[in-house]
Amino acid sequence: MADVGDVLMSVLSTIRVPKPGDRVHKDECALSFASPESEGGLYVCMNSFLGFGSQYVERHYARTGQRAYLHIKRTRKTKKEEDNNSGSGHPPKKKPTRLAIGIEGGFDVEQDQYEEDIKVVILPDRQEVTSEDLSSMPDVVRDRVSQSMAGIVAADSVSHTLQVQQWDGEVRQESKHAADLKQLDNGVKIPPSGWRCEVCDLQENIWMNLTDGKVLCGRRYFDGSGGNNHALLHFQETRYPLAVKLGTITPDGADVYSYDEDDMVLDSKLPEHLAHFGIDMMTMEKTERTMTELEIAVNQRVGEWEVIQESGTTLRPLFGPGLTGMKNLGNSCYLNSVMQVLFTVPDFENKYVSNIDKIIDEAPKDPSQDFKTQVAKLGYGLLSGKYSKPALDPGEENGTSEARGDQIGIAPRMFKALIGWGHPEFSTNRQQDAQEYLLHFINMVERNCRSGTNPSEAFRFLVEEKIVCQQSQKAKYTQRVDYIIQLPVPMDQATNAEELQEAERRRDEGDASAPTVRAQIPFTACMAAHSEPEILTDFWSSAVQAKTTATKTTRFASFPDHLVIQIKKFTFGLDWVPKKLDVSIDVPDTLDLSALRATGQQPGEELLPEVAPPPLMTPDVEVKGILGSQGNEEDDSLYSPLLSPALDESTVSHLCEMGFPLESCKRAVYFSGNTGIDAATNWIMSHMDDADFTAPLVLPGCSSGAGTTPTESISEEHLETIVSMGFSRDQATKALRATSNDLQRALDWIFSNTNDLESMDISEGGRSAAESESASEPPPGPRVRDGPGKYELFAFISHMGTSTMCGHYVCHIKKDQQWVIFNDQKVCASEKPPKDMGYLYFYRRVAD
């Protein structure tokens, strides 16, 4: 064996020192969930800075010839060691005092303490070099290798950077009302304590309006606690915008809420505003928890078993294949729940897990950026059972340990980073809507499975919409692709209405002992509300050439293998404040939807004439086919709804009259498929926070305006992202040039113009068409499966909290006739699965 110094000298040119901006993957293997804490540790390539477990480091060496790796092995300290450290200069862990991550006083994402062993390993002979060994080597070797080692150790890993990207939930903006807030000279003086709501006598959660000094209770939470909304109602009556939570006032500040801006705010003139009502801020002491403290308490409890509906029961932990927990990376329970369910669907297992060896063999040079590799890695991690082992508490010095209730599990950091990259919400550490994430992931699958098998077909179905003009009785039939049924919750159909009214009456009268009553809604009522005809009052009829009334009926044109049902629990109140419906729905174990199958045009039924509305487009633009009539599967992906660029001008005008920006109105009409004012209005309400809400609409086939000239530089990172989805570099360049180098618009453009790109190589995973899984042309139209409309429930996702943007998600999955609850790292046999409390329900087809 060659002298290790000579070997290092021979590979010195390949050893790099990390520079700012380099992505250092030192926490997770790019191809598995091996980590420095795993048996065998992690090997970080000292050239690319990719990490590999002992199972895959030889493969990376064979493929790249890279020989030098920094081996990192961490061993968790025993409990006694941690205690000793706490008493010898290492401060004990503190409870969080700020609603923040990566900031002093915030949540600590590294909860465990480790001893770290670091050395350089040279392949293929696995020669080892420690820092001490380097001291006797030539200066040029010692300096380069030492600098590389120190740089890798000092660098923030990609996963850590993403996980703790500095987030401070307490950063508040100065209210626009603070500087010139109107305060009434009404003689009101507020005492320093003993506050009660002036309407209901409530003594907790008390707010004072800073304009007129009214002392009123705060909002009522979804479970009936909190307050009775009197401060909010006062704002709605008076429009006085700012209120202060009285129990939080200290010399350092207080909680101030702006009802007009719908957020916690800063008031730089707070001492002056309080003094107006006789409150000396410098003498006040805090008597109530601030809103931040309340939110911290929720975040600390969110992983505890008590918040799950099956609290009060000792649940039996489960381990083995398909029973692997997932670590919560900070509000990532929505992702954990959805992915647990998806990998119980055979299509996803067959696509990604059954082909894991082939996928890894064909992975690109940087697997961390490859969609198929990371999905396969996650699926194998969940289903193999390899990581389904009890987490151990730190043992005493003799090495004994006790199993904790949760698992070692897997931490899907690399997967989350890739799936959320570039997305304004899923790239953050904020809580998200599980339904929106499910559709986002399906979109990603659609984009990355443009050849070969597509597992999202398991959920894809056709919806037939029949619109009947009530004046002419002529009908119009359209079809669209969908993946989820959204069921409304008809609160007026509650079977315990009298009980609900009595509880509401007692709360309105200030009865603190009034019970919390949950509305009992029959599932049949939800289905009836979904399937009953919808009245369209502003329908433009081509038969009578005028606006009139029409009815719209929705039916299944095909039944998918797996059916997803969303209960629309999240809605807006009359004041446009988001709220969650606290309901119990008797969701059945089996469903028969056969009666909801579409029938198509009936004998003797006349169709509405096909008269296109005035187009908002240049006459030389090629009009693409509308979904369901022509085109191919790629054209008709959910991510890029290829409807005719001709927009209904009357709907656009109507929306503009309502005060929305012109470009937003065009977007709403386009993305709602020219289906009328109601659908377009709903689209606007759901997308007002989108970053591109007011951006110009770029129609398929149209020029995007100035665009990017050939001399302007194209983002290499954007290019790599599009290429990783199966397009050639030329195609990616063309798309970015057509959309001013905007990644999201480029992705929409490229999927909207596949026909224009047929002369170029299109493949899956960035490889050539010859190397792709399948180069066969898909059949015309969207590919859907069909069969009997009979289903059985196999999984559901539940949500706890006041809105989809906070709280906690868990999922229940039926495995071998046993319901199992997946609560992040905890996987247990379910005793009483709360099937009536779900948010998303997953059914699979059963044979007749």
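Using N, Cα and C of the backbone, Cβ positions are placed for all residues, glycine too.
As annotated by TrEMBL, region 'Disordered' applies to 73-98 (among others).
Here TrEMBL flags 173-281 as domain 'UBP-type'. In terms of DSSP secondary structure, the domain 'UBP-type' (173-281) contains 19 helix, 21 strand, 69 coil.
Neighbour count (other Cβ atoms within 10 Å of the Cβ, all protein chains): 17 for R220 (substrate binding site). Look at TrEMBL and you will find W207, R219, R220, Y221, F222, Y257, Y259, D262 tagged as substrate binding site.
Taken from TrEMBL, the feature active site, nucleophile applies to C333.
For 646-687 (among others), the entry in TrEMBL reads domain 'UBA'.
Each residue in the domain 'UBA' (713-753) gets a DSSP state, and the totals come to 29 helix, 1 strand, 11 coil. What TrEMBL records for 713-753 (among others) is domain 'UBA'.
Per TrEMBL, the feature region 'Disordered' maps to 761-787 (among others).
Annotation comment: TrEMBL describes H808 as active site, proton acceptor. A simple way to gauge crowding: the CB of H808 (active site, proton acceptor) has 24 other CB atoms within 10 angstroms, across all the protein chains here.
It is 21 Å from the Cα atom of R219 (substrate binding site) to that of H808 (active site, proton acceptor). Broken down by DSSP into helix, strand and coil, the domain 'UBA' (646-687) contains 30 helix, 0 strand, 12 coil. Measuring Cα to Cα from C333 (active site, nucleophile), the recorded positions that fall within 10 Å are H808, out of R220, D262, H808. Cα to Cα, Y257 (substrate binding site) and H808 (active site, proton acceptor) are separated by 25 Å. Here the Cα atom of R220 (substrate binding site) is found 19 Å from that of H808 (active site, proton acceptor).
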